[in-house]
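Marked as compositional bias 'Polar residues' by Swiss-Prot: 161-175, 222-235. According to Swiss-Prot, the feature compositional bias 'Pro residues' maps to 366-376, 383-392. Annotation comment: Swiss-Prot describes 45-107 as domain 't-SNARE coiled-coil homology'. Marked as domain 'SH3' by Swiss-Prot: 419-478. Taken from Swiss-Prot, the feature N-acetylalanine applies to A2, supported by similarity to another entry. Feature annotation from Swiss-Prot assigns phosphotyrosine to Y53, Y428 (among others). Per Swiss-Prot, the feature phosphothreonine maps to T174, T215, T480 (among others). Residues or ranges marked as phosphoserine by Swiss-Prot: S183, S216, S222, S225, S292, S296 (among others). The annotation region 'Required for binding to WASF1' is assigned in Swiss-Prot to 18-79. The region 'Disordered' feature in Swiss-Prot is assigned to 158-285, 318-348, 361-392.
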Amino acid sequence: MAELQMLLEEEIPSGKRALIESYQNLTRVADYCENNYIQATDKRKALEETKAYTTQSLASVAYQINALANNVLQLLDIQASQLRRMESSINHISQTVDIHKEKVARREIGILTTNKNTSRTHKIIAPANMERPVRYIRKPIDYTVLDDVGHGVKWLKAKHGNNQPARTGTLSRTNPPTQKPPSPPVSGRGTLGRNTPYKTLEPVKPPTVPNDYMTSPARLGSQHSPGRTASLNQRPRTHSGSSGGSGSRENSGSSSIGIPIAVPTPSPPTAGPAAPGAAPGSQYGTMTRQISRHNSTTSSTSSGGYRRTPSVAAQFSAQPHVNGGPLYSQNSISVAPPPPPMPQLTPQIPLTGFVARVQENIADSPTPPPPPPPDDIPMFDDSPPPPPPPPVDYEDEEAAVVQYSDPYADGDPAWAPKNYIEKVVAIYDYTKDKDDELSFKEGAIIYVIKKNDDGWFEGVCNRVTGLFPGNYVESIMHYTD
């Protein structure tokens, strides 16, 4: 505020007075210069003096005008800021008035209303009259309610007539199987016992080996080695017929559960010469399915480097039996076997419930035994792959040297760079993949001018500069001996 008052009272009026004085001085200076130019003998000197007065007078007037204009602009800025402050204060006052009016209006509205007395009570109030509990009445289940619902109504009415009552029930109960599924002789080791609420099936002795599949004396000599005895005939799960000396349904039903079940097999024959290191007779006594599966997997994978994956029409042919029985070939639809479990004895759990019924249903559909193959079929279906080629003998130094002729041994050619790192020879053929690469044949001479950190070199070969892999060349110093 003081600055505004000083501008209005002092600076701006003084600027006006200075301009008026300059105006009067300019009039007097003009009269003097005119008289001096007329009366002076030296006109040039008088003209120069007139120019000097004119320049000084104009500069003085321009300075005074500039000072007065700055003072006026500063005055306008101060007044504009004061106007903004006044506007803000006026807006604040108007908002305060509006708030006061709203308070007064609410107070007046509150006067017109009546007070409501609320009594505080508990949120949960017990009912005054307790409801009597409804007695439960058991209603019999009507199984015929949904008989006329669904797409089978038309078929039933067309077949049995509209007057016949519809069938009650949707599941047909089949007759119990005539035989129980094979169970291990000792069931106390499992997690389910007789004293548990879930009843188990009675153990049944495993079936004996039929006489048709006994080991023949003609094939005893070629099946005494432990490696061939361990490779079992892995039967698919869809067949329940016996294979070789097993002759039981345990090969089909129990394979889906993975429970080891002992299978009695004939003792190994003593006729024929035994191979050195043959397994003793105790190894042929009992073999579980898990161990046989593990042995068949390991023997088939260790004989060759590749294992043929089972397909929809896989062929099992020419595998020796577990106990030295005859060889059989069977074409069947197979499923990929699960990974071989660890060869350890697990508690034998009897099969109960749905699994046992499914096993009996599968086992009750026997399949005819497969015919024996001719004697000239090999023992294993997958022959081992050919051995890898022998390694190259590098004892002779000439075998490892790339044969090349260096036409630039005496001196570098004209297209060779003046400054290069080393001179290398190509040990492989290389065809460029990009435009900035080199293409060369084995034995080409290349002058390296730069080595990159990524293994690529930059060099010159036959007047062409480009990049090439560093592992395709060798330093020429290695071959100068």
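Placed from the backbone N, Cα and C atoms, the Cβ positions cover glycine too.
What Swiss-Prot annotates, mapped onto the structure for a quick look.
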residue	record	Cβ contacts under 8 Å, 6 or more apart
A2	N-acetylalanine	none
Y53	phosphotyrosine	V29, Y32, C33
Y428	phosphotyrosine	E442, Y472
- Secondary structure at Y428 (phosphotyrosine) (DSSP, helix/strand/coil)? coil
- Using DSSP, would you call the residue listed as 'N-acetylalanine' helix, strand or coil? helix
